[in-house]
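Trainee: One structure follows; several queries about it will come next.
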């Protein structure tokens, strides 16, 4: 029955909104200490902006006396915003505006600050393009944003943040890049502009002391039946698992606590599909100054043998809920194909 399932929570999570994390977690005991930037976590923000709103003629972005391949087809409306690095280890190379988030700063505020400091432009976020992670020790939030004002930084305004910024309409590979890891993000951004693969997704302001994942674990069979895994402690809810903060766990991926939970509660040993991000929750200056984040993620359990029903949980702390309401079932199935990618 619908009354035995967290319908309001499911509606919020599927819509990219937030839901209170609470204090109880499934699986192994949560870490005792909160997440703090600069101590046991590092968050990085990055932005892709295209020159759709700011109509400025392109200019030569290269310092006098250096030679670069010619821009084959300058086009201000299609140019991507690139910055020339000032850091000694990569000085003169080009990259997307990016940088580390500071304690007490929201994720969006950090992205806007980095864009302003490195390029001179103001911007507005449109959506997360991807979440890139190496466990709690390093998480990068890649945004698609649009310019809303400001003036491009010139060489005369070079400082410790960057040497200059430009709208580059040519092949980014024609420039000496700081690293090629921005190329897949540029492809993601271009595809999103043509045909958005997921709804606009932005961080929601809700406090969280730890780094954790709220799991929407779905099982669908060939006949169209759908089940969702629920935690049964207290009111039925979507399971929440916390990431550890030991030295080893800090460098493990976000997938580790998910696999640990599923392997402990489901038989046979499941091999879930890729994690997809439905949304995330963070509030600057959270409980006791913590910088925790709750990631609302969706994953599917592939059919086993027999494939008609999901594997039975080992523990009474979990049960499967059969989703009978057609519109909710369709929303979950649609979101299985439309989430923000998580790259580990």
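Glycine is no exception: its Cβ is also placed from the backbone N, Cα and C atoms.
Feature list, courtesy of TrEMBL:
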type: REGION; residues: 55-76; note: region 'Disordered'
type: DOMAIN; residues: 60-190; note: domain 'Nudix hydrolase'
Trainee: Over the domain 'Nudix hydrolase' (60-190), what is the model's mean pLDDT?
Mentor: 87
Trainee: Using DSSP, how many residues of the domain 'Nudix hydrolase' (60-190) fall into helix, strand and coil, respectively?
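Mentor: Tallied per class, the domain 'Nudix hydrolase' (60-190) gives 34 helix, 41 strand, 56 coil.
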